[in-house]
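Some features that TrEMBL has for this protein:
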type: DOMAIN; residues: 35-200; note: domain 'FAD-binding PCMH-type'
type: ACT_SITE; residues: 180; note: active site
type: ACT_SITE; residues: 229; note: active site, proton donor
type: ACT_SITE; residues: 299; note: active site
């Protein structure tokens with residue numbers, strides 16, 4: 001449990017410099033695409049590098065945990081919330097610039113915005129991300145992707161700040177991108193990246209975007225709150241197919257339900273809690289493991305405390 005005096009002092013410092021961009025006890029359900037989750041001790045928005053440095057130094061000074069949130073997709077926040085500072089990057093991190101086939105963008109730029117920018121300049125390489133909720137920073141850390149492509153394929157460099165406020169510029173060959181993961185340190189704050197694209201036919205790009213978005217719309221439950229894909233695809237095949245074949249489609253706990261449209265999505269029927277979602281994940285994971293001997297690994301990130309532990313793989317079968 002956090003020392004309330006430390007939280008109060010940290011809040012006072014942040015309020016001095018961030019003004020209304022910092023609040024106590026903000027409910028995180030409104031900040032996630034699943035629409036569940038309890039409060040953050042402190043919720044702050046940093047609109048500039050100077051403000052980011054203030055947040056980092058304040059968290060370090062008072063020993064408060066720090067978590068950076070983007071659009072809140074691929075994230076499940078505990079009903080108890082987060083005992084620390086939840087930080088969102090704002091204004092200065094939402095800028096982007098196009099030059100010579102490259103897009104230099106802040107970590108808070110949304111993926112749909114990047115896709116549209118690339119299309120506007122007839123640049124190939126980002127169409128796969130059309131409709132993917134989330135910001136560039138989170139997409140880079142988890143190497144977001146679809147249709148056999150991923151954001152890591154386009155990276156020229158990534159700029160980060162360490163918790164000690166040291167600026168680091170990582171070139172592509174210094175970063176390992178894998179399936180829904182990267183070597184980018186979770187302790188560092190991604191602030192910017194340069195994406196390297198190639199010129200293409202604008203009509204081809206347009207049709208590709210339309211095709212990808214149509215597939216997403218037709219195959220995923222976009223009309224209901226969800227966190228995106230719940231489990232990573234195992235080497236043995238599709239997580240959604242395994243979940244469906246083991247009879248989990250439509251399975252429900254409380255207000256959380258395995259989507260009948262796409263089995264690798266859990267939807268919030270309007271009254272779900274984070275506990276409902278979590279226990280449904282565990283039930284699905286257990287059933288697939290018992291039926292097929294394959295342990296599904298969560299793609300969604302867990303933030304805060306949960307009362308039970310999901311099964312942990314010793315290897316990815």
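Glycine is no exception: its Cβ is also placed from the backbone N, Cα and C atoms.
The structure, with features from TrEMBL marked on it.
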| residue | record | CB count, 10 Å |
| --- | --- | --- |
| 180 | active site | 16 |
| 229 | active site, proton donor | 21 |
| 299 | active site | 20 |
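For the pair residue 180 (active site) and the residue listed as 'active site, proton donor', the C-alpha distance works out to 11 angstrom. Residue 229 (active site, proton donor) carries neither a helix nor a strand DSSP state and counts as coil. Residue 299 (active site) is 7 Å away from residue 229 (active site, proton donor) when you measure Cα to Cα.
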